[in-house]
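Here is what TrEMBL records for this protein:
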- 45-118: domain 'Phosphoribosyl-AMP cyclohydrolase' (DOMAIN)
- ASP92, ASP94, ASP96: Mg(2+) binding site (BINDING)
- CYS93, CYS109, CYS116: Zn(2+) binding site (BINDING)
Amino acid sequence: MPHRRHTLYPYDGVYGGVTGLIELIFQDGLIPVVVQDAETREVLMVAWADKAAVSLTLETGYAHYYSRSRRKIWKKGEESGHLQHVIQIRTDCDADTLLYLVSQSGAACHMGYRSCFYRSLDGTILFDRMIDPKTVYI
């Protein structure tokens, strides 16, 4: 049975520790981040991060991302209060995608749904809104 460590930081022997992993990942600038509920394993959203956003996430324990449209780092829930407490960060086998396992407070989606994956390809809305986004995002 493999030994599991309960920490945000990856096993130090892989990629030369956290610093080595961060350097390896960010050779190309941005990395996609899949965000999953740590308890239910529901996929909540997909976002982008740069080196500074991942460093802030590791330092604070709260998810930070890079907005390609606004060209700046943002903390998830900073405006809405719907924070993502990061329980664990994983990387895929190629170290070109991150997985954040989070404890989500409130809606993850800026449209007011728990998950950004609230509709099917044919446009059918699959879940109820948790909040009215007009009351949160002005």
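Placement of Cβ uses the backbone N, Cα and C atoms for every residue, glycine included.
In TrEMBL, annotation is done automatically, which means it is predicted and not curated.
Sequence features, as recorded in TrEMBL, placed on the structure.
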| residue | record | DSSP (3 states) |
| --- | --- | --- |
| ASP92 | Mg(2+) binding site | coil |
| CYS109 | Zn(2+) binding site | coil |
| CYS116 | Zn(2+) binding site | coil |
Rounded Cα separation (Å) that holds between ASP92 (Mg(2+) binding site) and CYS109 (Zn(2+) binding site): 24
Shell of the Mg(2+) site beyond ASP92, ASP94, ASP96, same chain only (C-beta within 8 angstroms of their C-beta centre): THR91, CYS93, ALA95, THR97
Separation of alpha carbons, ASP96 (Mg(2+) binding site) and CYS116 (Zn(2+) binding site) (Å): 22
For ASP92 (Mg(2+) binding site), the number of other Cβ atoms found within 10 Å of its own Cβ: 11
Residue among the binding-site residues CYS93, CYS109, CYS116 whose Cβ has the most other Cβ atoms within 10 Å: CYS109
Whole-number Å value for how far CYS109 (Zn(2+) binding site) lies from ASP96 (Mg(2+) binding site) (Cα to Cα): 24
Neighbourhood of ASP94 (Mg(2+) binding site), C-beta criterion under 8 angstroms, separation at least six: none
C-beta crowding around ASP96 (Mg(2+) binding site), within 10 angstroms: 13
